[in-house]
Amino acid sequence: TYIGSLLVSVNPYQELDIYTVSQMQLYRGVNFFELPPHLYAIADNAYRVMCNEYNNHFILISGESGAGKTEASKKILQYYAVTCPTTEQLQTVRDRLLLSNPVLEAFGNAKTLRNDNSSRFGKYMDIQFDFKGAPVGGHILSYLIEKSRVVHQNHGERNFHIFYQLLEGGDKDLLCWLGLERNPQKYTYLIQ
């Protein structure tokens, strides 16, 4: 539902057929309250106001653990990747922004009691557009990680995924060079 220019959404914990290319086209260029509330309406409205007013805009995504904040940010990036003007160079920029998420998640996600793939970090992602409204760059201005998780996890929770991924997937020479063994049970920081 909308509350003014805010969108309140609930994570249904299942895939819904509401994030398709046809949905993107439906919400593209439409007045804000003309269609039912949707993440794409928020993304489109922010983009159009930015282009019309030549002014910076932001979309703040907030919520408790497991609310779907990371998924919402991915959907907004995908919306811009499909609906904004494009060239081959711009496609490269978009791909880099979209593909950075799995890397950040490996280093910043962990298993919690509420979510097996919970983001334990916050980030401020800046997407830069040119005067024609085409995305030309982007970067992550801050990446705030839950550092305490490295040395302590609550019962039933795990450390960051990257530790387990490195032990499981790193080749033998890399692990030897790093002085690591494959068995995660050998590390105090991973078994508390």
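Each residue, glycine too, has its Cβ placed from N, Cα and C.
Noted in TrEMBL for the protein shown:
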type: BINDING; residues: Gly63, Glu64, Ser65, Gly66, Ala67, Gly68, Lys69, Thr70; note: ATP binding site
type: DOMAIN; residues: 1-192; note: domain 'Myosin motor'
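All protein chains included, Gly63 (ATP binding site) registers 13 other Cβ atoms within 10 Å of its own Cβ.
In sequence order, Asn11, Ser119 are the residues of the same chain, not among Gly63, Glu64, Ser65, Gly66, Ala67, Gly68, Lys69, Thr70, whose CB sits within 8 A of the CB centroid for the ATP site. For Lys69 (ATP binding site), the same-chain residues that are 6 or more apart in sequence and have a Cβ closer than 8 Å to its Cβ are Ile61, Ser62, Gly63, Ser119. Cβ environment of Gly66 (ATP binding site): Asn11, Arg114, Asn115, Ser118 lie under 8 Å away, each six or more residues apart in the same chain. In the structure shown, the C-beta of Thr70 has more C-beta neighbours within 10 angstroms than that of any other entry among the binding-site residues Glu64, Ala67, Thr70. Of the listed binding-site residues, namely Ser65, Gly68, the sparsest Cβ surroundings within 10 Å are found at Ser65.
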